[in-house]
Amino acid sequence: MNQEVKNKIFSILKITFATALFIFVVITLYRELSGINFKDTLVEFSKINRMSLVLLFIGGGASLVILSMYDVILSRALKMDISLGKVLRVSYIINALNAIVGFGGFIGAGVRAMVYKNYTHDKKKLVHFISLILISMLTGLSLLSLLIVFHVFDASLILNKITWVRWVLYAVSLFLPLFIIYSMVRPPDKNNRYVGLYCTLVSCVEWLAAAVVLYFCGVIVDVHVSFMSFIAIFIIAALSGLVSFIPGGFGAFDLVVLLGFKTLGVPEEKVLLMLLLYRFAYYFVPVIIALILSSFEFGTSAKKYIEGSKYFIPAKDVTSFLMSYQKDIIAKIPSLSLAILVFFTSMIFFVNNLTIVYDALYDGNHLTYYLLLAIHTSACLLLLLNVVGIYKQSRRAIIYAMISIILIIVATLFTYASYILITWLVIIFALLIVAFRRARRLKRPIRMRNLVAMLLFSIFILYINHIFIAGTFYALDVYTIEMHTSVLKYYFWITILIIAIIVGAIAWLFDYQFSKVRISSNIEECEEIIDQYGGNYLSHLIYSGDKQFFTNEDKNAFLMYRYKASSLVVLGDPIGDENAFDELLEAFYNYAEYLGYDVIFYQVTDQHMPLYHNFGNQFFKLGEEAIIDLTQFSTSGKKRRGFRATLNKFDELNISFEIIEPPFSTEFINELQHVSDLWLDNRQEMHFSVGQFNETYLSKAPIGVMRNENNEVIAFCSLMPTYFNDAISVDLIRWLPELDLPLMDGLYLHMLLWSKEQGYTKFNMGMATLSNVGQLHYSYLRERLAGRVFEHFNGLYRFQGLRRYKSKYNPNWEPRFLVYRKDNSLWESLSKVMRVIRHK
């Protein structure tokens, strides 16, 4: 049997043992808890002195400082260039994390390796020392186990009750001398031969400190058991939790404590309350402190240090691949820590709704409690809804959270007035102020599906909140009073109203205030860029007057865009120096992210697809644009006799065509206005992707007109210079609708012939929407659906007719795309684009 097979068998046996032990613990614990009267547990909790609770929590938080001695020993042994204060802070964070999700200490060992490898040259020695620390966590327990074996601590009752623990106790006791001998004979560093012994002493003191915390919990709930028996039960319970490999020993530790004190005649309700207090004081409080420390300890400075560290090694395998993300992970720790703290705060104060409702049951002024309960619940829900926004460092989310904290403080002061909780709220508020100053964006984009999800989530949370309160009152036999007083009857709707007012007011203020922040370069800069680098088929639309411009720092590339519904809709590809497009888009996306806007590109070519892809976008084919090769275009030949017939017909009717250069007279503009108004027939003009009938816009390029024999304008088209590839296009094409003449054909034919005469080589006839979209079985579902619209809804919009019309000019078809973020909805993005096009 080779080593690989042995390792696999060992892993399977280990997993099987842990799973079987976990199932056994859960079943046994459930059986023990099923007989507990939770009402008595709550009554016992209400008797606890609040100052004793404060001292307990302080003691629980302070007890974890002892574990920091591991890291002090480690830093001194390896001569790390790191201050004692930083060691203590980082160590506290690591140990608090390890206590919750330790998996036998392996999580803590991994985090230590990640943090301290930047402070030492000898990585191999670091790993050896960390392994020694990991093992020494058991040696301290081994030393205490020896004291039970030699009857210093009396555990006879529990050993008789749980016989299998005796063998674990003996095995662990034998581990200590073996470890001491091995660590002294083969130390990780010959100059530090007694490190193993030092770590064992630290481990022993730490386990005793944890036992003292549990003992203090017992004293608070009035459990009368000798200190020696307390320690004995704790040691055996800790061994059970360690062997189970369950994070924090949850379940196994608690079961042994429950059974141990039950053998001593302690009521189960008191033991349960003692365990809950212990878990909160020794696990939850240190985690809270660690999260607060993380908000200050990690962040920009840590990220910069690691990025500049000569010890930072590129990823080469799975482990190093994960480690390569450490600078990003560490940079996010402060916001993640604060988000977790806000989440816990929300949950804690949701539970405190019970206190408000309970007080309201015995108070005649129910109206006041309606309002206070609704405010309190609204604030808790707002905290919960903005957890993700806080993690994403959104200032708007942080403001929502700060307002929520203030509302909770007000509700707390007017109801149960817990100064411990108010102190906690003040701490969270201070952390939110720090986070607000560090925030990297004003707000996150508002998306319809997110709003719907938040609404459904809010209803669900409020429903669960009501069920929780009602269920608790049923358990306490006071629900009958609640039904008579109707404290819970209407506050759901009041809560929704308060949330709507707060959310609506802040959202409106942000949109109003920061709409002024949107920057726009002047049109002269854009003209200079086009003059130097050329434009594209859409660049002439800079003169339409309905767009803003974003220019890069070097002023050699720009985008034209328009704001609509928390989105920046960009028209076409970037314009200018192609080498600057990457920098331009990065600056634009940073700008949009800061303001909390989505970015949508409309009608882009396939030339820059890789560039858009780099920014996390996906694509939807809008259709194809007809580009006519003027070098091949002609009205001669059999296939073109229709073109000649059209031109001949206009000649017979004495209808002429000419190009008028700006500036234009008022009389000429009035003639065009008359034709345009009749053509529009009270329909609204489109915007953004096309020009509008506007004298300023029209005066920027020549206009082609067709006149009748009376020299009256009957049709016109505005030219669109492209400033690249010897190409030209037309924008507005309008004619008198009452004339039964092929005026559109006439304008196009005359423009094609004129453009060819002027030396242009390409003519853009515009896009055929949804043309050639989703034609293959392998296409995306959304594109296949769009293709069916093209085929079967021609009555609503002339999709096929437009393609057929342009096809007779034998164009080359070039695809055009919608570009939008991969986490955005296609239909929502299309809707925003259409709103931009159809509204001024």
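Every residue, even glycine, has its Cβ placed from backbone N, Cα and C.
Swiss-Prot assigns Ile333 and Thr368 to topological domains bearing different names, which places them on different sides of the membrane. Same-chain residues lying 6 or more positions outside the topological domain 'Cytoplasmic' (74-89) and placing a CB less than 8 Å from one of its CB atoms are 65, 68, 112, 116, 119-120, 122, 125-126, 129-130, 133, 189, 192, 195, 293, 297. For the topological domain 'Extracellular' (183-200), the DSSP counts in helix, strand and coil order read 12 helix, 0 strand, 6 coil. Looking at which of 272-292, 338-358, 451-471 has the most CB pairs under 8 Å to the transmembrane segment (370-390), the answer is the stretch 338-358. Helix, strand and coil counts under DSSP for the topological domain 'Cytoplasmic' (74-89) come to 10 helix, 0 strand, 6 coil. DSSP labels the residues of the topological domain 'Extracellular' (251-271) in these numbers: 16 helix, 0 strand, 5 coil. Most Cβ pairs under 8 A with the transmembrane segment (451-471) among the ranges 201-221, 338-358, 416-436 are made by 338-358.
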